[in-house]
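Taken straight from TrEMBL:
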- 41-153: domain 'Prepilin type IV endopeptidase peptidase' (DOMAIN)
- 35-52: transmembrane segment (TRANSMEM)
- 64-82: transmembrane segment (TRANSMEM)
- 88-108: transmembrane segment (TRANSMEM)
- 129-158: transmembrane segment (TRANSMEM)
- 164-181: transmembrane segment (TRANSMEM)
Amino acid sequence: MNWTRGVAAPWLAAGALLGAAGGLAAAWGAEFGATTVLAGLLFGVLGILFVIDARTGYLPDPWIIAAAALVALHPVAIALTVDPFVGGFLFLLAAVGASLGFALFSLARTLSKDQLGFGDVKLAAVLGGWLLPLGWGALGIGVAATAVIGAAWLGVALARGRRAAPYGPAMILGAILATGLI
């Protein structure tokens, strides 16, 4: 599938800028400087994914992989700049969060008879890997915010006569909100 069809460069640029700004604003008070920089980069990539998924219903692997790499770099940067023990522990939490996100969304995808795409499952792994090192509260807020935003997003889509709505944008907004509230 050619995901670039229907997604103009200005929309991608706007998504990247808004995502980066949201990530930087959300992580501004973070304890580690590396978190703020990586949040800006991560949410820039997530902003691009937001636009692509909202316009095409598709989450392309190259952008998911870029987001996953930034999530993996977060604890590595902390290990190199702050404390190797803290970085190692956060890396473990990121792995657990990614595994939880992947497993739960895989189950949801199976039970919902493929109403969720596999891109949503991979995105859940990325966002779980980002949120759990911020704390269980961040993960809980992210899940709750995603559900509320997703329901509202679907309601708008149904009101406009559509039969479905992509879930990735709700997941991304939920993660940004959770990052900002923790």
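Cβ atoms here come from the backbone N, Cα and C positions, even for glycine.
No curator has checked TrEMBL annotations; they are predicted automatically.
Counting residues per DSSP class in helix, strand and coil order gives 100 helix, 0 strand, 13 coil for the domain 'Prepilin type IV endopeptidase peptidase' (41-153). Taking every listed stretch (64-82, 88-108, 164-181) in turn, the largest tally of C-beta pairs under 8 A with the transmembrane segment (35-52) is reached by 64-82. Outside the transmembrane segment (129-158) by six or more residues, the chain places 42, 68, 71-72, 74-75, 90, 93-98, 100-101, 164-165, 167, 169-171, 173-175, 177-179, 181-182 with a CB less than 8 A from a CB of the stretch. Residues 19, 22-23, 25-27, 39, 43, 46-47, 49-50, 53-54, 57, 59, 115-117, 119-120, 123-124, 127, 130-131, 134, 138-139, 141-147, 149-150, 153-154, 156-158 of the same chain lie 6 or more positions beyond the ends of the transmembrane segment (164-181) yet place their CB under 8 Å from a CB of it.
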